[in-house]
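Here's what Swiss-Prot has on this protein:
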- 12-18, 40-42, ARG304, 330-332, 412-414: GTP binding site (BINDING)
- ASP13, GLU14, GLY15, LYS16, ASN38, ALA39, GLY40, HIS41, THR128, ARG142, GLN223, THR238, ARG302: IMP binding site (BINDING)
- ASP13, GLY40: Mg(2+) binding site (BINDING)
- ASP13: active site, proton acceptor (ACT_SITE)
- HIS41: active site, proton donor (ACT_SITE)
- THR298, THR299, THR300, GLY301, ARG302, PRO303, ARG304: substrate binding site (BINDING)
Amino acid sequence: MTSVVVVGTQWGDEGKGKITDFLSADAEVIARYQGGDNAGHTIVIDGKKFKLHLIPSGIFFPQKISVIGNGVVVNPKSLVKELAYLHNEGVTTDNLRISDRAQVILPYHIQLDQLQEDAKGDNKIGTTIKGIGPAYMDKAARVGIRIADLLDKDIFAERLRINLAEKNRLFEKMYDSTPLDFDAIFEEYYAYGQEIKQYVTDTSVILNDALDAGKRVLFEGAQGVMLDIDQGTYPFVTSSNPVAGGVTIGSGVGPSKINKVVGVCKAYTSRVGDGPFPTELFDEVGERIREVGHEYGTTTGRPRRVGWFDSVVMRHSRRVSGITNLSLNSIDVLSGLDTVKICVAYDLDGKRIDYYPANLEQLKRCKPIYEELPGWQEDITGVRSLEELPENARNYVRRVGELVGVRISTFSVGPGREQTNILESVWASI
């Protein structure tokens, strides 16, 4: 068996879609294991950008199976829209498989998400208002509706009626909000279920059979480790587990079948939404990185917060996700800077620490300790090997690997497939 997990090591938007697309060339099955349409990934093929939110990046390889696993929360409306988008672009989706155990996002989840966020006022989390959190809440409360339920007219009607009655009481009594109509939701979403029915199956069987047959399986995470509900900057996190361990729960594949974990990061750091960000930049350098790196959310369109590379964050991600290989993206964005900085540790109340505090009040007091390196002025977007990089850029790449403590397998100097450079084949090393 041969399997590789791709995880984001920062706060999402690290370029996982691109690296997954790149690694998919040598995989036979590509599976997503958590999150929902709150995550966005951009793939560039022959200069054309494709933006996806639910469907795995592997969909662009028609001969390979693409899986939406049981750990994903699926908005059928968004999924049908994304399928239509791909079909209009001439992309076949016959290779898509959707877990019958995946949870369904319904309109009351989205309305509740908005109401809860508004009620928090200044303490808002910065949610994408996609209904992700409320859907996972229902899953944990054992009242969620699964894809298998959506396809059964009687079961869907019964469970929707019960859930909607409870949610409407909540909307009216607690939030003084408008109740939702059962008939409208039932008719619309049952129809969506029938549209996606052809793709639905027990995906754990597909994945385990593939691994047992010696096929190469690639698991694609959404968001990033620092948004993990257990290991991230709680409560400013998502509602699932992007860490590599989330694969086993979200796909139905046991931990003994995972071989490699590729951590994806940018040569700097970015974050969408609220929450701690020790190396955040508020000056013209930060603005320059944001504009050159096109740092605006794929899902929200919001400007991303940007900062220097944080090796404290990266070592935390390496530890909790068991990262074996590193993919360093967007090195080209730093071109033109006289100096570049890497955070090597924090100063907490006068004491140097090299771990990421769980206590947010302590984290607010952490000041980054930087190591400065000379920058480079050259345009590196056409570089196709480590040796072709300017010396200062090459030294930067090597220093990142040293500080994180993981060997760098690939580095990227732009968004295109051809701009990803291999230092070590992840598949060949298994």
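In case you wondered, yes, glycine gets a Cβ from its N, Cα and C as well.
Taking the features listed in Swiss-Prot, we show where each one sits on the structure.
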| residue | record | DSSP class |
| --- | --- | --- |
| GLY12 | GTP binding site | coil |
| GLY40 | IMP binding site | coil |
| GLN223 | IMP binding site | coil |
| THR300 | substrate binding site | coil |
| ILE331 | GTP binding site | helix |
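In this view, GLY15 (GTP binding site) is surrounded by 22 other Cβ atoms within 10 Å of its Cβ, with every protein chain counted.
When the binding-site residues LYS18, ARG302 are compared by the number of other C-beta atoms lying within 10 angstroms of their own C-beta, ARG302 comes out lowest.
Other Cβ atoms within 10 Å of the Cβ of ARG304 (substrate binding site) number 20 in total over all chains. Note on PRO303 (substrate binding site): other Cβ atoms within 10 Å of its Cβ, all shown chains, come to 14. Checking each of the recorded positions (HIS41, THR128, ARG302, ARG304) against GLY15 (GTP binding site), the C-alpha distance stays within 10 Å for HIS41. For the pair ASP13 (IMP binding site) and VAL413 (GTP binding site), the Cα-Cα distance reads 16 Å.
Taking only the Cα positions, the spacing between THR128 (IMP binding site) and ARG304 (substrate binding site) is 13 angstrom. THR128 (IMP binding site) falls within neither a helix nor a strand when secondary structure is assigned with DSSP, and so counts as coil. For ARG304 (substrate binding site), the spatially nearest entry among the recorded positions GLY12, LYS18, GLY40, HIS41, ILE331 is GLY12, judged by CA separation. THR300 (substrate binding site) has THR42 as its nearest neighbour among the binding-site residues LYS18, THR42, ILE331, going by CA to CA distance.
The sparsest Cβ neighbourhood within 10 Å, among the listed binding-site residues (GLY12, GLY40, GLY301), is found at GLY301.
The secondary structure of LYS18 (GTP binding site), as reduced to three states from DSSP, is helical. For VAL413 (GTP binding site), the same-chain residues 6+ apart in sequence whose C-beta sits under 8 angstroms from its C-beta are ILE331, ASP332, ILE380, THR381, GLY382, VAL383, GLN419, ASN421. Each residue contributes its Cα atom, and for GLY301 (substrate binding site) and GLY12 (GTP binding site) those atoms are 14 Å apart.
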